[in-house]
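For reference, the structure discussed in these notes is given below.
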Amino acid sequence: MSIPRMKSYFSLIAAVLMLGQVATAQAENLPDFTGLVEQASPAVVNISTRQKLPDRAIANQQMPDLEGLPPMLREFLERSMPPGSRPPGAGKGDRQRETQSLGSGFIISPDGYILTNNHVIDGADEILVRLSDRSELKAKLIGTDSRTDVAVLKIDGKDLPTAKLGNSNTLKVGEWVLAIGSPFGFDHSVTKGIVSAKGRSLPNDTYVPFIQTDVAINPGNSGGPLFNMAGEVVGINSQIFTRSGGFMGLSFAIPIDVAMDVANQLKASGKVSRGWLGVVIQEVNKDLAESFGLDKPAGALVAQVLEDGPAAKGGLQVGDVILSANGQPIIMSADLPHLIGNLKDGSKAELEVIRDGKRQKLTVTVGALPDEGQEMGDVAGTGAERSSNRLGVSVIELTAEQKKSLDLKGGVAIKEVTGGPASLIGLQPGDVITHLNNQAITSSKQFTEVAKSLPKDRSVSMRVLRQGRATFITFKLSE
């Protein structure tokens, strides 16, 4: 072999060896989950429920967890279910008289207290818990909280394996996390991923700052624990965002600090109490920030103040932007309900607000969150008609009865949308305009005057009441 060819040969060998060393180094840097799984698995349980339903309800019931699965997998899962819980048409065609759902949970005390999701056991007539040794026990429901989707169960036992609880506040974005649960009934399945974001706000989940991860979560994982690399529970896997019905890389967990606060209250009294301001708030976007004179989008915009509520008594007004509560900044509007919800009835909330472009501080005595929301009436007015072609709406006065029903001192109702900005921003007949360009509307005449003087060089805000729900919207007039 010639010297040049020998040099090429040895160079190739050296390159292969270097690649092997790099691959080995990368493998050594990846986390080893085996010890964590061995330590944590015994405390994770499978939860199954049975619910008796009328024949008609059962005949119409779908089983979405099995829909769309490959035939062999669907058949396997149907065979593994008790005969009474199989979907319509399964087996010999017997009419189904009870339904079954599957979920996960974890033991938090040696005497048998278990955490899971409310939606896992909601409406159940019987709750069964299967432990890691495959033994099954009936569980007693201690309490539930639908607002956070947390439930506490109790099984009879002693010296049971328990999950080690961590601190979700110290969790960092990018940190490795691991889930153990029963997706589709496959007990103690392990999946891993990283924390994608913290403090996520989801629709209809006002009181939970969710942990977002890319851990694979599927039906049956709900209620199971999310672990950090120290083997500590940092969250309860609760829901996913999906367009297909299956996992798409967006999973959400309830922080364990939130869950344990709820659990401790449920164990003590069977119910959960939360602080309450009595306001309806919305996000401050770029255009709203501009219209209210803010440097950047931040805070919670007060769209509605409930009569005789804590906020009304404390002097909070529609159009105020709440920037902080007890020194804690309100970055997103969803931060406010969580901060106030953690306060006790009768405690003080020091609020920093922007009003008419100026900062000021208010002290509000926090109330107790009521069980049900307060409803406001619809609008169907018959008053004096005015129009404003600049906005593209025809408006009418509210009657005295309508003002009383809606708890309003003024405002005008939209009779017709004729085009212009009103059409672009989605205004509808029956909407009530209570504020325009940061001014309270007291009559249709004043509304027309304010509309004529609207600026064209910046965003303009408008407060609209629709079916009892108030919101601020923004628009710009064309040149």
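A Cβ is built for glycine as well, from the same backbone N, Cα and C atoms used for every other residue.
Per Swiss-Prot, the features are:
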type	residues	note
ACT_SITE	HIS119	active site, charge relay system
ACT_SITE	ASP149	active site, charge relay system
ACT_SITE	SER222	active site, charge relay system
DOMAIN	266-357	domain 'PDZ 1'
DOMAIN	363-468	domain 'PDZ 2'
REGION	77-99	region 'Disordered'
SIGNAL	1-27	signal peptide
When neighbour density is defined as the number of other C-beta atoms within 10 angstroms of a residue's C-beta, which of the active-site residues HIS119, ASP149 has the lowest density? HIS119
In the three-state DSSP scheme, HIS119 (active site, charge relay system) belongs to helix
Structural state census, the domain 'PDZ 1' (266-357) (DSSP three-state): 21 helix, 28 strand, 43 coil
Residue distribution over DSSP helix, strand and coil in the domain 'PDZ 2' (363-468): 21 helix, 34 strand, 51 coil
Alpha-carbon spacing, HIS119 (active site, charge relay system) to ASP149 (active site, charge relay system), which is rounded to whole Å: 6
Long-range neighbours only, meaning 6 or more apart in sequence with Cβ under 8 Å: which ones does SER222 (active site, charge relay system) have? GLY103, SER104, THR116, ASN117, HIS119, VAL120, GLY181, ASN237, SER238, GLN239
For the domain 'PDZ 2' (363-468), what is the mean per-residue pLDDT, to the nearest integer? 76
